[in-house]
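Chemist: The compositional bias 'Polar residues' annotation in TrEMBL covers 412-428, 467-476. The compositional bias 'Basic and acidic residues' annotation in TrEMBL covers 629-664, 698-707. Here TrEMBL flags 277-375 as domain 'PH'. Taken from TrEMBL, the feature domain 'PID' covers 499-638. The region 'Disordered' annotation in TrEMBL covers 398-434, 460-489, 629-707.
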Amino acid sequence: MPGIDKLPIEETLEDSPQTRSLLGVFEEDAAAISSYFSQLFKAMQRIYDAQNELSAATHLTSKLLKDYEKQRFPLGGDDEVMSSTLQQFAKVIDELSSCHAVLSTQLADAMMFPITQFQERDLREILILKEVFQLASDDHDAAVHRYSRLSKRKENEKVKNEVMEDVYTSRKKQHETTMHYFASLNMLQYKKKIALLEPLLGYMQAQISFFKLGSENLTQQWEDFLTNIGTSVQNVRREMDSDAEAMEQTIQDLKEASDPLYMPDPDPNRIPVNRNLTRKAGYLNTRNKTGLVSSSWERQYFFTQGGNLMSQSRGAVAGGLVMDIDNCSVMAVDCEDRRFCFQITAFDGKKAAVLQADSRKDCEEWIATINNISKRIYLSENPEEIAARVNQSALEAVTPSPSFQQRHESFRPNTQGKVKASRSGSQCSVGSESPALSSLSLDSLVAPDTPIQFDIISPVSEEHTSQTKSSAQGRTNPFGESGGSQSEESEDSILHQLFIVRFLGSMEVKATESSDVIYETMRQILAARAIHNIFRMTESHLLVTCECLKLIDPQTQVTRLRFPLSSVVLCASHQENKRLFGFVLQTAGGRADGQPVTVCYIFESNNDGEKICDSIGLAKQIALHSEMDRKASQKQRELDKAKEKQQEELHKQKQIEKDLEEQSRLIAASSRPNQPAADGQFLVLSNSQSEDSDVGEEGLKKGESEA
């Protein structure tokens, strides 16, 4: 290549100062080349590392987009459109990741390999040759120095020969090393340009190939897809801006409307006290005793739930029960020089809570709310309003605590005596005595003046109840059954589910087409219980099997009631209070005129009423399939019996035909007397052989035996 200076290899043996000076210039140039390429190598290494990181990041992005549909965001929901869009993005980015991986491979082969080879092989060779050249030059100078010091007076041939041999060897070594060193420095000028241009050429070719590959993969279809996604993003942004404006307006409206509420004790003339609340929630300060005379106050969030007062600390997952406020007493008190304090005392007086509200309004509203929940009866001159409001309160919480029954037994002895007296007649004619309840009845669902039964009486058979009581002592079955048939019935059933229920009441109904009849019965029974102060309920275990429903005494394990599953025509739970459920039973021939009797039974459960209704529905389905299988098996057995009978008749017919053929053969043989047989003997026939061809089977057998 013209324009490149070279070291004269021919002058290496002479090793003149001019040659050494020129060598120094080449060595400086080699050092500059090494420094420059070291920096260039670092720059290209960063390009290669960045490309590898980009390829790995692109692949990871594609993988995360594919896994989006597997993620479960608490507020995200199932967005199929978003999942589908991200799947398409993942497909595109996955292709881009493949392109980036190809680009990384091409950069490693076409860019990094040449410059790495130049730096690790060529430049390293120059450094090694420089060290070897320096050592050879030093050895040659030392040998020449020893040769120059040979004495001419005392010549020693042996020493002289050794010194001359040393000079010869060192000079030869220096000459050869210098020639290789000069040649490498001369070649470095060429290799420098190759090592500089080849990586850049490889880098550009790899980039061009990458862009071509990307243009081939990103077709018009992907461009249209990206355009649609861009439009969707703009729509979402506009929707977000609109929603942000609406929220900002809402914030401004709430700030203006809530300005009077910022005061801890607002003016009662501007914000009046609401004394008709049945639910209340808010922060209160509760007093906790820390010693005999000392106490501390803690701020918690209180709320009413049914007939209970609940509290929840900030950050807690759920609230805890403070006390049962049914039939409790509440009043304002003075406590430790604090304002707006009130005290709630339980029905038995054993438990009390002292609470402090933030304002007089909150204090009075809390007292009124607890009084409303505790009384559950609202005074009004309109009977319909009485029943409607009582029904609403009764539906909120029927019996929230286990001590509900004992509490009302101790507080209302006269009422309980009245209930027991009504139970002795097995009926409580609430519908006929209460004009409020009659006004709430719907003639299309429940007949007017229908009595409500608050005691458990079987609609199927009253004799079954008496038999159950008479045989209760000899029972060992945990489900309260005795005898062979009922025990086998429970053991053979494939479904056994037990629920804890409390009987609320039952009444005769007219319609069974929809669950509205159950809802209406619930409303009337709950209203009747609230109006007449009937709070006691009988707790039982409801056993659901594929044959029947049983109400079992939880203590004695005696079966109180047994409902055949076939008589259950309807079952439903309350739409709001899920603990209430009921079912309708229809018994054929229950009246004197032979008409069926339809009775609706209402219960309260500790579990979800829908689960009990689903269990009853499952039992009916299993019973239906079992009945269908039984009928199919019975029909198959009848077909098998008919087929066997037909085979037997056919066999008898064939036997008769065979006997007739045998008789005909014997008659034909008897018509030829004294005819020798094949073995020379004579066949003698009896004269008593019957000649009648229409004889029966017994005659044929007798004639054959006589022959």
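Note that Cβ sites are derived from N, Cα and C of the backbone, with glycine treated the same way.
Describe the structural context of these features.
Modeler: Mean pLDDT of the predicted structure over the domain 'PH' (277-375): 86.
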Chemist: Is it possible to list how many residues within the compositional bias 'Basic and acidic residues' (629-664) are helical, extended or coil according to DSSP?
Modeler: 36 helix, 0 strand, 0 coil
Chemist: What does the DSSP secondary structure composition of the domain 'PH' (277-375) look like, as residue counts for helix, strand and coil?
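Modeler: Per-class counts: 16 helix, 50 strand, 33 coil.
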